[in-house]
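Trainee: This is the feature table in TrEMBL:
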REPEAT    2-34  repeat 'ANK'
REPEAT    35-67  repeat 'ANK'
REPEAT    68-100  repeat 'ANK'
REPEAT    101-122  repeat 'ANK'
């Protein structure tokens, strides 16, 4: 069963105005898909800084974990989304958080050769 909500898809596509509208209409901020991803983790994955900021302002969980234990910072780091990594760190994201395989955001950035993120996290 696919549990991706309209809010998930709006965050995934970076549609800030749609995200705002859905939240105003009562969309569930922390809804999870089949992989445990929330709208903020998906926005971080895709590099949508404005959407990540909006979701945080509305109370999204900074340290939400996917089914493999990855936080939004893990996702942003793995995909080299420097501006999102900066934002998450400024908001207090735990750079030492480990996923269920023991990997930190820095280790993912190293593994996927995201040199700008490596510099930020080192």
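Just so it is clear, glycine is given a Cβ too, placed from its N, Cα and C backbone atoms.
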Trainee: Give the mean pLDDT for the repeat 'ANK' (35-67) on the 0 to 100 scale.
Mentor: 98
Trainee: Could you give me the DSSP helix, strand and coil counts for the repeat 'ANK' (35-67)?
Mentor: 17 helix, 0 strand, 16 coil
Trainee: Same chain only, please: residues at least 6 beyond the ends of the repeat 'ANK' (35-67) with a C-beta under 8 Å from a C-beta of the stretch. Say none if there are none.
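Mentor: Non-local partners: 5, 7-8, 10-16, 19-20, 23, 29, 73, 75-76, 78-79, 81, 83-84, 87-88, 91-94, 97, 99.
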Trainee: The repeat 'ANK' (101-122): which same-chain residues, six or more beyond its ends, come within Cβ distance under 8 Å?
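Mentor: Distant Cβ neighbours of the repeat 'ANK' (101-122) are 68-71, 73-74, 76-82, 85-86, 89, 95.
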Trainee: Within the same chain, where does the repeat 'ANK' (68-100) have neighbours whose Cβ lies under 8 angstroms from its own Cβ atoms, ignoring anything closer than 6 residues to its ends? I mean 6 or more beyond.
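Mentor: Contacts of the repeat 'ANK' (68-100) (Cβ under 8 Å, skipping residues fewer than 6 from its ends): 35-36, 40-49, 52-53, 56, 62, 106, 108-109, 111-112, 114, 116-117, 120-121.
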Trainee: Which numbers of helix, strand and coil residues does DSSP report for the repeat 'ANK' (68-100)?
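Mentor: Final tally across the stretch: 16 helix, 0 strand, 17 coil.
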